[in-house]
Amino acid sequence: MTVFIYEIPIHGMMYAVYLSTYHERKFWFSSRQELEREITFQGDSAIYYSFYKELLKAPSFERGVYELTHNNKTVSLRTINAVQQMTLYPELIASVLYQASGSEEVIEPVYFYIGIVFGLQGIYMAALFVTSWVMSGTWLAGMLTVAWFIINRTDTTRIDYSIPLRENWALPYFACQIAALTGYLKNNINSSAERFCYLLVSASTYTFMMMWEYSHYLLFVQAVSLFLLDSFALVQTDKVHEVYKIYLFSLFLAYLLQFENPALLVSPLLSLVAALMLSKCLQMNMKKGTFISRMLKIMYFYLVFTITVTMNFLLKTFVPHKENEHVLKFLEVKFGLNTTKNFTVNWLLCQESLQTPSQDFFLRLTQSSLLPFYILVLIICLSSVTQVIFRRISGEPLKEKITLDDGRIGERPEIAYHVIHTVLMGSLAMILEGMKYLWTPYMCMLAAFGVCSPELWMTLFKWLRLRAVHPILLALILSMAVPSIIGFSLWKEYFPRIMTELSELQEFYDSDTVELMMWVKRQAPVAAVFAGSPQLMGMIKLCTGWMVTSLPLYNDVDLLQRNENIYQIYSKRSAEDIYKILTSYKATYLIIEDSICNEVGPVKGCRVKDLLDIANGHVVCDEGDSYAYSKYGRFCHEIKMNYSPYVNYFTRVYWNRSYFVYKINTVISFQS
């Protein structure tokens with residue numbers, strides 16, 4: 001047993017080394033110059049890393065934090081608290097560790113930064129390993145979880161191409177929290193182990209909340225799972241309410257340390273937990289199995305729902321906060337309740353992560369055998385949990401100690417929790433493809449636990465009333481044979497592919513972007529303000545440090561409006577309109593991207609220029625066909641022609657195959 005315990009950190013370290021090796025092979029990172037390395041950070045990833053660089057350049061850590069919390073050098077005409085708005089606590093921690101550990105003379109900042117993220121991914125893997133092991137009782141489940149996770153890496157993580165994303169910093173802590181919660185919910189656990197699990201749940205919950213601005217939504221889903229678990233008397237009530245207290249304490253601490261972030265006060269998590277705590281007394285009197293208690297249970301669900309909705313409404317009414325109306329509009333359109341021409345809403349609808357999962361996603365999971373075994377395990381566990389719920393409603397008490405011969409896997413509280421949680425996560429993943437990065441690791445863990453668990457096979461045999469062979473013996477044999485067969489088949493098919501990935505040198509070199517950044521650093525004045533697509537502006541900020549007009553961030557209403565306004569450079573509007581928009585944000589340079597201007601998207605209507613034409617009313621329908629019409633040509637095309645009035649407002653100062661840079665004239669000449 002002790003030998004296998006040492007395998008847990010070893011598996012995590014091996015996965016971190018694997019990620020580092022793959023990253024090196026993909027980007028040739030060690031042979032690149034600093035600028036070439038930085039352009040591998042795309043979109044919002046570039047923004048996060050740029051602030052890490054600024055912290056290291058600051059004369060002191062305190063001064064660096066002050067400049068980030070009072071930042072007026074990133075977005076024109078705005079002073080922002082970047083730490084709060086962009087959740088820069090990972091960068092604060094990384095910069096402190098880099099300077100305090102004396103790593104300046106040992107390792108470059110970029111390697112230290114990505115090394116921490118890869119190390120966290122190793123912890124992520126180890127937490128999944130432990131969770132499946134604790135649930136099944138065998139290390140084989142952990143091994144199978146790791147194998148499925150790596151094989152389905154396309155659908156389990158975005159670490160390959162977006163290292164600084166908040167989820168890559170946060171999800172390892174969430175996995176640790178789930179592992180600790182799994183142990184904490186177990187019935188037969190000694191007091192010292194229970195105390196350790198409780199402390200780990202507390203620490204990881206708070207850390208997770210500090211690392212990601214959307215963490216409280218995931219914790220809300222988890223809280224709903226625990227609420228259902230407790231409502232059907234499948235777990236000790238005191239344990240669930242201790243977790244509720246952890247939520248409240250974490251919310252309170254996070255609220256204070258995130259500069260009194262109002263988003264945490266109006267979060268559904270706070271409203272739900274407060275409602276559950278208020279309803280605690282009523283719930284304690286309704287687990288008798290009588291008809292009255294069943295009626296009270298229905299009333300309890302209604303009471304909790306009513307209090308949660310009412311409290312959330314009151315908090316949003318009295319707590320000053322920025323209401324994300326675009327999110328509500330997005331949900332309305334997403335579920336077919338409304339239609340809109342709004343650019344931001346339609347742009348969000350076109351994002352792959354916010355669409356329903358593609359058939360390729362399910363095909364990949366089926367080819368790796370993950371989906372079939374997950375469905376098998378889920379059906380057995382869900383059916384068993386449902387049986388237990390009906391027994392509890394009828395007044396039958398739970399057995400104090402469950403043996404293998406009982407074949408009642410659904411009576412284990414940690415199993416019931418994971419079944420409810422994975423169903424909720426899967427339901428969200430069926431709506432939003434981006435949720436697959438949370439659900440697929442869960443699938444790996446649950447499927448591996450199931451095929452390695454003798455209790456699951458015994459539960460199945462009890463239903464089938466198997467008598468030809470001794471069921472316990474057969475369950476033990478299958479719990480060893482099935483994962484071994486799966487593991488061997490996965491190793492035979494996928495191990496050569498993984499080795500090929502690590503041995504092949506991939507080519508990633510964007511010469512046009514490198515040339516653009518070099519020109520900006522050498523030719524643009526220090527006071528220059530650049531305008532262009534938000535994704536490109538993130539790279540401009542990282543690679544050059546110059547001020548920009550917009551950022552690739554989507555949790556701020558003002559930035560979303562800026563993005564839409566700046567995107568008008570790809571619409572069919574006049575030179576004067578574009579000039580007024582750009583000068584209103586004090587922009588001095590404009591960058592046109594040929595890839596957006598001449599975009600040929602796979603889905604018609606989802607290109608940036610299509611969305612702009614719809615929002616601006618430039619789409620005309622004729623006999624079922626739609627086409628764009630305006631008395632002005634598309635700005636990004638017309639400006640390249642170098643004729644009046646475009647040359648009156650803009651002067652081209654640089655261009656290559658992909659980018660066209662124009663200086664915005666301060667003195668307008670109207671020569672013909």
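Positions of Cβ are set from backbone N, Cα and C atoms, glycine also.
What TrEMBL says about this protein:
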type: TRANSMEM; residues: 133-151; note: transmembrane segment
type: TRANSMEM; residues: 218-235; note: transmembrane segment
type: TRANSMEM; residues: 263-279; note: transmembrane segment
type: TRANSMEM; residues: 300-319; note: transmembrane segment
type: TRANSMEM; residues: 371-394; note: transmembrane segment
type: TRANSMEM; residues: 438-460; note: transmembrane segment
type: TRANSMEM; residues: 472-491; note: transmembrane segment
Taking 3+ C-beta pairs under 8 angstroms (sequence gap of 6 or more) as contact, is the transmembrane segment (218-235) in contact with the transmembrane segment (371-394)? yes
Interface present between the transmembrane segment (133-151) and the transmembrane segment (472-491) (three or more C-beta pairs under 8 A): yes
Taking a Cβ cut-off under 8 Å, which residues six or more beyond the ends of the transmembrane segment (371-394) line up next to it in the same chain? 232-234, 287, 289, 294, 297, 362, 365, 408-411, 415-416, 418-420, 422-423, 443, 446-447, 449-451, 456, 459-460, 463, 486
